[in-house]
Amino acid sequence: MKRQAKPPEKKTKRTTNASSPTPSSSSPSLSSLPDEIVENCLARISRSYYPTLSIVSKSFRSIISSTELYVARSHLRNTEECVYVCLSDKSFEFPKWFTLWVNPNRALANSMVEKKRKKKKTIGKLLVPITSSNLSPVSKSAIAVGSEIYVIGGRVDGALSSAMRILDCRSNTWRDAPSMTVARKRPFICLYDGKIYVIGGIAEIEGKIHFGYTQKTYAYDPKQGEWECCEGEVAFPRSQCVMESVLYTFANNYTWEDDYGCKWWSTDGYGEKVKGLESLLEIHKRNGGSSDNTTKLVACGGKLVLLWEGYMKHNPNNRKKIWCAVIALEKRDGGKVWGIVEWVDVVHIVPTSCKLLHCLVVSV
């Protein structure tokens, strides 16, 4: 009786269950939880994981594309800045929008900015197309406001438009805004004090909206309703951004070495080079970063993000590369600004006729 009361099958049974569990008897997974709990969990992690998680199940994909998830992120104070890129080509029915996706598990590498250039492995950076790219007008004027992108004017079916369309980057869906009174081809736009100014403006610095043509720069003070000419300033390059009330610019033209590269500007209109970027500028030169190709500079997460169109040496298929670099900044030597290149890589390959239309930063 004692031998039968202590059967050997008990140990065998435990081993069998551990080695080949059935789906119904396995430990609970995230997908088996109620949607509200899954939403709360997803709201606490980086948005960089969302492209991978969206292919796990239809339920995950639905939650990730919902506005409720981003409301939860906001309540948890877990919003993050993301780069949105728009590409335009004659072969596209509409301009195409992408997000810059960086593998959250990557190891930061700067082998591309060192003298010893070895053949490197891809560490996970690319432009990911959004699902609703097909409703954007062809406009060179767009601006990011919070979690939304406003596209103003441009051409619709070949004709100039007064329309304004809004891309909600939480759900990647479009909606119409009230149209402007006149059609606009290429207006400059600026966000100041919660309002969008559709003028010749390119940047808001210390409460004034600055814009420039040729060799003159002007500033508009919205509070006083007055314009002024900023003596001693030159027109800023189009590749520019403002971070912590400091204007940063990137000039493509390397015919004059003093003008080529990244500068930061003081409020009195004096520009000074960001130091430490010599290797990046060499890569920029050798990979198509000339005045003939578009370069975009934006501020994201306290760092500078540089994108540019680059050519391919052996190009039988008429393709070109979209390059991207991320630059961290720090002050040294009595206020001098230095740049540290975290990575530089190719993030997309497009037809040679394709243009880098917009590069904007949203908070989602």
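A Cβ is built for glycine as well, from the same backbone N, Cα and C atoms used for every other residue.
The compositional bias 'Basic and acidic residues' annotation in TrEMBL covers 1-10. The compositional bias 'Low complexity' annotation in TrEMBL covers 19-33. Residues or ranges marked as domain 'F-box' by TrEMBL: 27-73. According to TrEMBL, the region 'Disordered' annotation covers 1-33.
Within the model, the domain 'F-box' (27-73) shows a mean pLDDT value of 86, rounded to a whole number. Per DSSP, the domain 'F-box' (27-73) is made up of 32 helix, 0 strand, 15 coil.
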